[in-house]
Amino acid sequence: MSAKTIGIIGGGQLGRMLAMAAARLNFRTVILEPQTDCPAAQVANEQIAGAYDDPAALAELARRCDVVTYEFENVPVSAAEALASQIPVYPPPKALEMAQDRLTEKRFINSCGIPTARFHAVDSQADLEKALADFGEQGVLKTRRLGYDGKGQRVYRSAADSAEGGYATLGNVPLILESFVSFEREISIIAARGVDGAVACYDPAENIHRNGILHTSTLPASISEETANAAREAAGKILTALGYVGVIGIEFFALADGSLIANEMAPRVHNSGHWTEAACVISQFEQHIRAVAGLPLGKPERHSDCVMTNLIGDDIKALPEWLRRDDTLVHLYGKTEARPGRKMGHVTQLLR
Ligand code: AMP
């Protein structure tokens with residue numbers, strides 16, 4: 001196998017874990033990220049310190065690499081397309097386009113025959129009032145673009161909430177109002193598609209969020225095998241429709257009747273898939289590297305039950321206790337300053 005070079009756009013912890021998985025398979029990695037000494041560059045072969053949409057930096061990335069991937073979904077589509085005209089870019093730029101805007105994303109997911117919450121585009125106060133009236137004054141208002149970890153969202157539970165604030169409270173940007181989903185639990189599936197079209201799905205994880213940020217992912221999820229298969233089937237449809245190559249993370253709401261409603265998709269490795277590095281032979285990171293490098297996908301089988309816990313901000317203070325456990329894999333991201341809400345690392349405890 002000849003050593004190839006993989007470009008990774010984005011220098012965060014996901015890029016770091018991709019670079020580590022790549023190194024084990026003899027691939028070199030080049031990180032494109034403006035911030036130097038970022039989590040990914042600490043473990044990669046090279047860094048190009050430039051903006052994600054800087055034409056010169058992108059041209060340099062294309063020159064140094066055989067294939068380019070990314071670790072976050074807000075890579076400018078134009079930059080990904082420009083690169084794709086020179087070298088393979090996986091996942092395909094179309095996946096970025098579909099995932100960057102919640103309205104486009106929901107329409108796309110529905111076009112695959114997968115249900116989502118009902119939704120209305122909201123571009124004014126009048127739109128918001130009309131949409132809330134349609135949903136019985138309840139719903140979740142979200143920015144269409146650039147929302148993450150629960151940021152750029154507002155929940156309406158009754159007419160009293162509507163009186164308090166409206167369209168302008170989220171910054172006069174294009175919004176979407178989603179109907180409020182009374183879910184029983186939140187699950188996600190990590191799936192991959194290879195260059196040859198093969199699809200591999202890990203077991204769905206059950207996710208608990210705190211303050212809008214993922215707190216734990218637990219395996220197995222408390223769902224039926226039928227519901228798990230419905231998640232796998234939905235992932236297969238999305239991957240195939242996009243002609244996808246790489247790993248994707250798809251989040252769902254599971255309802256009391258066992259049915260699933262898709263919430264969102266991330267065209268990259270996903271926080272709710274970190275458990276795979278401890279409880280599967282092939283982690284989501286290696287799976288992604290295998291896919292984008294054109295290698296056969298690994299089996300996504302899980303050998304242990306487990307719970308992954310994010311270490312956010314001051315959670316890192318519990319590190320000595322985690323390190324004393326002999327059932328727990330600790331993974332740190334190389335960040336020196338523990339700011340509130342900042343993901344510092346994660347731990348995966350095997351439950352045996
Ligand atoms: P998101 O940024 O879309 O992942 O939303 C963050 C969190 O808000 C989700 O994990 C849910 O807990 C909650 N949420 C989002 N959309 C809805 C919805 N339509 N109905 C009920 N809860 C929601």
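Just so you know, glycine gets a Cβ as well, placed from its N, Cα and C.
So that you can see what the record holds, here are the features copied from TrEMBL:
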- Arg102, Lys142, 147-153, 178-181, Glu186, His209, 263-264: ATP binding site (BINDING)
- 106-293: domain 'ATP-grasp' (DOMAIN)
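All features noted in TrEMBL, drawn onto the structure.
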residue: Arg102; record: ATP binding site; DSSP class: helix
residue: Lys151; record: ATP binding site; DSSP class: coil
residue: Glu178; record: ATP binding site; DSSP class: strand
residue: Asn263; record: ATP binding site; DSSP class: strand
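Residues Glu178, Val181, Asn263, taken from the binding-site residues Arg102, Lys151, Glu178, Val181, Asn263, are distinguished by a CB atom under 6 angstroms from ligand 1. Note on the domain 'ATP-grasp' (106-293): its mean pLDDT in the predicted model is 94. Packing around Arg102 (ATP binding site) is summarised by its Cβ count: 23 other Cβ atoms lie within 10 angstroms of its Cβ, all protein chains included.
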